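The following features are taken from Swiss-Prot:
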- 171-189: compositional bias 'Low complexity' (COMPBIAS)
- 1-30: region 'Disordered' (REGION)
- 169-191: region 'Disordered' (REGION)
- 48-87: repeat 'WD 1' (REPEAT)
- 124-165: repeat 'WD 2' (REPEAT)
- 244-282: repeat 'WD 3' (REPEAT)
- 293-333: repeat 'WD 4' (REPEAT)
- 352-390: repeat 'WD 5' (REPEAT)
- 495-525: repeat 'WD 6' (REPEAT)
Amino acid sequence: MDPSSKSPDDDDLRPEAEAARRPQPQPQPREWRFAQVFGERAAGEDVQEVDIISAIEFDKSGDHLATGDRGGRVVLFERTDSRDSASRSELERQDYPIARHPEFRYKTEFQSHEPEFDYLKSLEIEEKINKIKWCQTANNALFLLSTNDKTIKYWKVQERKVKRISVMNLNTSQSSGNGTTSSSSSSSSRAILPNGGCSEKLYNFPNNDLLFPPGGCTSLRLPVVVTGQDLNLVPRCRRVYSHAHDYHINSISNNSDGETYISADDLRINLWNLEISNQSFNIVDVKPANMEDLTEVITCAEFHPTHCNTLAYSSSKGSIRLIDLRQSALCDNHAKLFEEHEAPGSRSFFTEIIASVSDIKFARDGRHILSRDYMTLKLWDINMDSGPVATFQVHEYLRPKLCDLYENDSIFDKFECCLSGDGLRVATGSYSNLFRVFGCTPGSAEATTLEASRNPMRRQVANPTRPARTLTSLTRAVRRGGENPGVDANGNSYDLSTKLLHLAWHPTENSIACAAANSLYMYYA
């Protein structure tokens, strides 16, 4: 037999082939640590409604973070720690990568939206920021989209050198900002006339800030604009996209082509060009001819991260539709439909309410879609529309309380979701300022509950026995009006008035930013 020849089965004897057949080890659960907090609330401090955070978004690089609040403001943060600070020799000595402490600092803020009133519909339009999306950077400038219920704005934030006016023709050395002379000795040196006047003529220019020198001006000097070395961040609104939605805007999403984006309300999805603010194209319209025939509304819409012709949108019936913009101008027909069929006999009054999808996110590679409804997270494979590949129970202990949640409208809360950049984990929020992180690799049992506080792992302490309800705890519940109506699966009390709706995962690192009322908490693993 020729030694150079071999049978096809010989490859199976190689070590790498044998290793490939072995079950792959599961990623170890991450230990999450507190990194930073901005706007931390003191004990007993009341939170102003306008300060509550309503949107969070990392940019594509992860070096900038934007938040929006109910007061219509956008706040920008930038990363200050160097991700490449370790030397090569230090990295070579490490057996495993060490989790670095990510640090962000306040960069700037600006008023994005103001409260308005629609006189034709007698409708108040609040200034609350619903969504923020980062756009592609250019010339060291930051670009982002922000929207409230009706109007989308395109912002440019750039550093500019501060310009000052120098070589003034008038003497400003003896004046101060409040219009009075800055030196008491100079004012006392003037001769005071019997009628209370002054021997020197004082000409009042704006706020008495400028004084003519004694004897008048001998020569005329033009002011000179001098550019200093100080830098100042200047936000500027480049475009305003308005009058295109009859219903409240719930989503905006940038296209991977860098030129277009979509905006979605309850019944329509519009396609915009970033440079054209007076024209948009309606690509999805689910409004029936008779509004009495309306059975579902659009809840969220998201572009595919790499395919500029593909987008997904979710509905209040729990379905997700994938559409291809190349099929037709008006995408009435979907390319794929993702929905989970309910078990026979399991339908109740609350089934459709809790099935409504509040948020969807594409994975970074575009292969999977993560969706959040009231009770669960679902992970979908876009190549398999028969059902989700994984379902994660977020707060199953609330299922017996659905009637109470319906009475106080908590059942309509819209929780967001996010995925890690490597696609190995997903996260979403819950009540009592808690959020949960799940491992989504096949066979993973990772399910971590974290609290938005300086001690995120506080809720991890096992509590096998249900605490006894003493007289003190009973009177506390009555006094607070039942804000803590029960306990979760671990025996910890839950508070429906404190809910963590908004969070975002860093695009390349295991770092999560989440909002608890007016406070922004950041964690890393």
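Heads up, the Cβ atoms here are built off N, Cα and C, so glycines get one too.
For the repeat 'WD 4' (293-333), the DSSP-based tally of helix, strand and coil residues reads 1 helix, 17 strand, 23 coil.
For the repeat 'WD 5' (352-390), the DSSP-based tally of helix, strand and coil residues reads 4 helix, 17 strand, 18 coil. Sequence-distant contacts of the repeat 'WD 4' (293-333) (same chain, at least 6 residues past either end, Cβ-Cβ under 8 Å): 250-251, 253-257, 260-262, 264-269, 271, 281-287, 339-340, 352, 355-366, 369, 371, 373, 380, 382, 414.
Note: the repeat 'WD 1' (48-87) comprises 3 helix, 19 strand, 18 coil (DSSP; helix = H, G, I, strand = E, B). Secondary structure of the repeat 'WD 2' (124-165) per DSSP, as helix, strand and coil residue counts: 0 helix, 28 strand, 14 coil.
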